[in-house]
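Before I ask anything, here is the structure I am working with.
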Amino acid sequence: QEEEKWDFVLVSDIHEVGSEKEIKRKRFLDELSKKGFTIKKIEDKKLFYGVRAPEQIFRKYQWLLRNPDSRLQAPDTHQDVPVTTRIRLVNFILQNTVTPDLEKLHDLMKKNVFEATFPLHEEEEIREFLKEKWARWREIFCLQPIEAIRCYFGEKVALYFAWLGWYTYLLGIAAVAGLVVFVAGITVFNSSQVSKEICEASTTIMCPLCDQQCPFWLLSDTCTYAKVTHMIDNEGTVLFAMFMAIWATVFLELWKRQRATVVTDWDLYRWDEEEEELAMELINNLQHKPRRYQHSYFRSTIILLLVLVVIAVLIGIAHALVIYRVVATALFTQSSFEFLHEQANTMAVMTGAVLHYITIVIMTKVNRRVALYLCDLEKPRTFSQRENNFTVKIFTFQFFTNFSSLIYIAFFLGRINGHPGNYVRVAGKWRLEECHPSGCITDLFIQMAIIMLLKQTISNMMEYLCPWMRYKLRKQQQHLNERRTMLGEEEEAEDPCKRQWLSNYQLCEVNVFSLFDEFLEMVIQYSFTTIFVAAFPLAPLLAFCNNLFEIRLDAIKMMRLRRRMVPRKANDIGIWLQVLEAIGILAVIGNGLVIAITSDFIPVQVYKYTYSPCMRENSTDVDCSTGYINHSLSVFRIQDFEPYTKVPEMLPDFARDEVKECRYRDYRNADDYSYTVQFWHIFAARLAFLILFEHVALCVKLIAAWYVPDVPQSVKNTFRERKHRNLRKELSMMEYSTEV
């Protein structure tokens, strides 16, 4: 006999007869029976109810949502409903069936009347194909079978993997460009005039980096750091930042074309989500009244204020990380370990980055709860509207969680710390950090490298290992139960459904946000890959390698470790497209600011073309940046230290009275420590470059968006031919009927 097919399984604990939970469960199942559902009960350690919807429901669905192009067909020509549509429709009816107590399935699950509901992973051909050709590590460099994914998981999941595959494919180009820029930086490791000057400055005495036991130090001590800085901060970085702004636009425009082609093949290009939702409501309940669109300015204002409060808290956390680094630098400097003492600044930045990663992990969970609470306050009309509202909020919170600390390092570090004799202090005690004389960009590089590497190793391992461990533990428990049963009396012949339902129940549960989490992870990664890429040219390469694994990791989780997702219909990636476009604009602004403010590119150019030896003498054999370091350091008289600051230790080679002044990174006059003319020159040049870079990059983005049409001509031609064919058929039918 053919194996029975069940659309959904409901799982419940075995409740006492006559208890409130048992009565509620019975009432819900009675409502389903009234709608013509077939229900099968299997008892094990839990109660399992298989439900199968009557065929009439699917006939109604097909009739209401038949393709306008096929309305000419006779109403009795039935085609089989795809499994994904069956599951989606049954899930909708289950979620919207109301008991006499006015409770829905969601309320019953909150009250533990039901423990779980899920569609089944069927032992069908397509599942075996996906397990073999998609959910395997050895297929890592192969194309994904998007059509098969769609047939098994529905359009929304298929579009996610189509987008992820396309993004990874184009990341390959950005990764190669980033690698070339980085390798080019390594080749000039020793040849930079600026880092040569730092390495040779063995008589330049620098002001102490902290008040507590910090000695004066020689500029040449930081020779390696200066070389590393120049490896990242060079002319190639500027070109790469411009390239990435264009890449982000071209990627999105090409994705729009790709998506148009894919959904046209699926016959979903002009699909109307609202019509589908109304049709399902009517199939579930013919007396259903549609919910009206509503908007409350008062509620929106309250939610906006609450969102601003959350953002303020997230910025506060970034401030806490800044204070940690300030205090850590002071403590490391006083350490008895020589390595910690010498590398106090770098160690503070690195431990700060690890701490930042930990706050990201914790705040991701908090942000989700807050965003869900705010969505509930908004009372969205439909599930997709709720999902859109949630997406915007959680992305905003995650953006500030991930980037507040990076924004501080990029644009504020070393610019708001005052100067010797008049430092800005935290709680009147600890001095704010300073930048290295060769710039702050290395700090940003270290922070981004650590966060990206930790996110891509630890987070991915946890993402895979947690469901894998849960799955193995449940299986182990099941084996133990089976062995106990075998040791006892012989059991009657087992129902074939029981094994299948139990094996599906043992898999890890999925929720409505399972796919959402994958999208969010990728979009945050896309932000890292584009927004501060000027400081970290290896970001696209790391993202590319991560995504090759991510695709197979997600596939294995969905096919082998998790219960089957409820398929959702979609014809695009939804509001994520607007989020990605917003990131594209932020990338232009972010990279423009990194080059103009964080990088030393502008001060070096101003020096070359205004103050350098090349401008003063007509000497062609001199490097134009000769003397830049001396020019960028200001002089401080030691007698002007704050009264309560103990004058620090001298270097062993210098007598105490010999040193009258020290140098620090800034453009200030030696007499009254006011800003010099050079400072204002550089400030104006930074501003001019920022405006020019952003306008040019945005113009290029607009030209690229115009140059690459959103919809390929082949898609437009397909629709035109289809319309022509239908009109022709209708006309010929009309002529035939008048002749008869």
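Counting starts with 1 at the first residue shown.
A Cβ is built for glycine as well, from the same backbone N, Cα and C atoms used for every other residue.
Feature table excerpt (TrEMBL):
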type	residues	note
DOMAIN	83-146	domain 'Anoctamin dimerisation'
DOMAIN	149-720	domain 'Anoctamin transmembrane'
TRANSMEM	166-189	transmembrane segment
TRANSMEM	237-255	transmembrane segment
TRANSMEM	301-324	transmembrane segment
TRANSMEM	344-363	transmembrane segment
TRANSMEM	390-413	transmembrane segment
TRANSMEM	523-549	transmembrane segment
TRANSMEM	570-597	transmembrane segment
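Tell me about the surroundings of these features in the structure.
Non-local neighbours of the transmembrane segment (237-255) in the same chain are 163, 166-167, 170, 173-174, 177-178, 181, 185, 529-530, 533-535, 537, 540, 577, 580-581, 583-584, 587-588, 591-592, 594-595, 599, 601, 693, 696-697, 700-701, 704-705, 708, 710; each lies 6+ residues outside the stretch with a CB under 8 Å from one of its CB atoms.
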Could you check whether the transmembrane segment (570-597) and the transmembrane segment (344-363) come into contact, where contact means at least 3 Cβ pairs under 8 Å with the two residues of each pair 6 or more apart in sequence?
no
Any chance you could find the range in 166-189, 344-363, 390-413, 523-549 with the most Cβ pairs under 8 Å to the transmembrane segment (301-324)?
390-413
Are the transmembrane segment (390-413) and the transmembrane segment (166-189) near each other by the rule of at least 3 C-beta pairs under 8 angstroms (pairs 6 or more apart)?
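No, the stretches stay apart by this measure.
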Would you report the average pLDDT that the model assigns to the domain 'Anoctamin dimerisation' (83-146)?
88
Summarise the domain 'Anoctamin dimerisation' (83-146) by DSSP state, stating how many residues are helix, strand and coil.
33 helix, 3 strand, 28 coil
